[in-house]
Amino acid sequence: MASGNCTTPTTFILSGLTDNPGLQMPLFMVFLAIYTITLLTNLGLIALISVDLHLQTPMYIFLQNLSFTDAAYSTVITPKMLATFLEERKTISYIGCILQYFSFVLLTVTESLLLAVMAYDRYVAICKPLLYPSIMTKAVCWRLVKGLYSLAFLNSLVHTSGLLKLSFCSSNVVNHFFCDNSPLFQISSSSTTLNELLVFIFGSLFAMSSIITILISYVFIILTVVRIRSKDGKYKAFSTCTSHLMAVSLFHGTVIFMYLRPVKLFSLDTDKIASLFYTVVIPMLNPLIYSWRNKEVKDALRRVIATNVWIH
């Protein structure tokens, strides 16, 4: 953590989204509203799935964990970002930065793997409907969830351990609104070659394995659906996948742009906008995407409201 006369900084200074004083309060209000909506919708969906027996199915177990991941994702990033709009000196402690980085990497991989597992669940439900209850049992679902959390944890541990070995002698100003790897590597006075290689290898491994699983699942889903004769059957099959495909496109599209694009296209300012999208905006959109046209979720919400009204 230290080399020669270099001492590890006790704090980092975050540059934030903008240094324009006139934009600080408007941006604070906008992102406070987004964060509030994110928490209310994701925690609301978690609670709804927990209390409604009709939603105790594999698809909603995974959706519940996706909502938890999104709520945690937003909470790791947004509160500190909101604070930077109100503080003249936008600081984060060294330990706070490391913890934020660890949590961010953990949740990014968790979401990626969850989207892959959800695609596999849809594949089994549509392509093997008779075997679905025996294949996707609750025990299997929770083993998959625990497995992907474990993989994400180990991956985050590797990257965070590498970050702890870096020295920051020349600067402690992070050109970002949170502690991400690219701006931290940029100000490191140590060689970051190994760190960058690990980010690329593990990032590619998890992203591509998730994307390949999703693509293969949907190839089989499409081949099965086109053989369904009734229009209602086709519509029902596709409608269960539309929300998931939207979530996959938003998340993986942004992550691929962020971490797997050519070096010549790299720009920290561009990264800020892309990071803002998948750390703040997507966690707000996901519960809306999954519940907006979902009849089962709407029916469950009506049942819960009706029960509470009847009790009172």
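One is the number of the first residue shown, and numbering goes on along the chain from there.
Every residue, even glycine, has its Cβ placed from backbone N, Cα and C.
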Are LEU23 and LYS138, as given in Swiss-Prot, on the same side of the membrane? no
In sequence order, which same-chain residues at least six apart have a C-beta under 8 angstroms from CYS179 (disulfide bond)? PHE12, LEU14, ILE92, CYS97, ILE98, GLN100, TYR101, PHE104
With pairs closer than 6 in sequence left out, are the transmembrane segment (140-164) and the transmembrane segment (272-292) joined by 3 or more CB pairs under 8 Å? no
Across 58-79, 101-120, 240-260, the most C-beta pairs under 8 Å with the transmembrane segment (140-164) come from 101-120
Close approaches to the topological domain 'Extracellular' (165-205) from elsewhere in its chain (Cβ under 8 angstroms; 6 or more beyond its ends): 1-3, 6-9, 11-17, 76-77, 80-81, 84, 92, 97-98, 100-101, 104-105, 155, 158-159, 259-260, 266, 268, 271-272, 275-276, 279
Around the Cβ of CYS97 (disulfide bond), other Cβ atoms found within 10 Å total 23
Other than its close neighbours in sequence, what residues sit by the transmembrane segment (101-120), given a CB gap under 8 Å and a spacing of at least six beyond its ends? 59, 62-63, 65-66, 69-70, 72-73, 76-77, 144-145, 148-149, 151-153, 155-157, 159-160, 163, 178-181, 184, 206-207, 209-211, 213-214, 217-218, 244, 247-248, 251-252, 255, 279
Tell me the residue counts in helix, strand and coil for the topological domain 'Extracellular' (1-26), as DSSP assigns them. 6 helix, 4 strand, 16 coil
